[in-house]
């Protein structure tokens, strides 16, 4: 009888463990609305080519060694290498990016909703950091020099700022074929259509005219 009880308990624990570790598949875009018919289907990710038709070109990208222009309001340029650039990355859960910074340029506060990031500094000196979630909102920062590496956990707001007097270059590896990026200032002040200024004035404790000025500036600078 004890053996039967032990067996039942073992089965129950195994089932409980299985249920506890179950989860929905990770999204590969911002959203994927369910439909009840088979027309206009959009899969979570991309459709797969017949493996027999794959070629080396499907797994290749060239040009990541080329410096990019940084003449923009933030003084940096990100060159992504994700599933859009390399179709063979589909389902593999990884991607890459090169970031070029002019002196005192920055990759402004942003998040990757679908990926953690590991950053490697090839040239220059960067001040980097991330902020934890509510309610602590603890800031972790570090000055990185050539050869240094830093990690940004998935979904957390983070940034990089070139504090040197010369150009800087970094490479980032991310744990998604399509990590996505939400630049905080753009999302808040450059949404389409604009967020009601009353909402932002209350949220940031600013005068509504200041909010309208920021919205106008972001639309002007980025269009």
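Placed from the backbone N, Cα and C atoms, the Cβ positions cover glycine too.
TrEMBL labels come from automatic prediction, so no person has curated them.
Copied over from TrEMBL:
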- 107, 112, 117: oxalate binding site (BINDING)
- 110, 112, 117, 158: Mn(2+) binding site (BINDING)
- 32-48: disulfide bond (DISULFID)
- 62-212: domain 'Cupin type-1' (DOMAIN)
- 1-22: signal peptide (SIGNAL)
* Asked: If you take the centroid of the Cβ atoms of 110, 112, 117, 158, the listed Mn(2+) site, which other residues of that chain have their Cβ within 8 Å of it?
  -> 111, 115, 130, 152, 156, 157, 179, 181
* Structure fact -> Whole-number Å distance separating the Cα atoms of residue 110 (Mn(2+) binding site) and residue 117 (oxalate binding site) is 12
* Determine the minimum-neighbour residue: among 110, 112, 158, listed as binding-site residues, which Cβ has the fewest other Cβ atoms within 10 angstroms? => 110
* Asked: Can you tell me the mean pLDDT for the domain 'Cupin type-1' (62-212)?
  -> 97
* Structure fact -> Long-range Cβ list for residue 48 (disulfide bond), cut-off under 8 Å, min separation 6+ in sequence, same chain only, gives 90, 91
* Under 8 Å by Cβ from residue 107 (oxalate binding site), same chain, sequence gap 6 or more -> 74, 76, 78, 99, 101, 159, 160, 161
* Other same-chain residues whose Cβ falls within 8 Å of the Cβ centroid of 107, 112, 117, the recorded oxalate site, in sequence order -> 97, 110, 111, 115, 119, 152, 158, 172, 174, 179, 181
* Count of other CB atoms lying within 10 Å of the CB belonging to residue 117 (oxalate binding site) -> 22
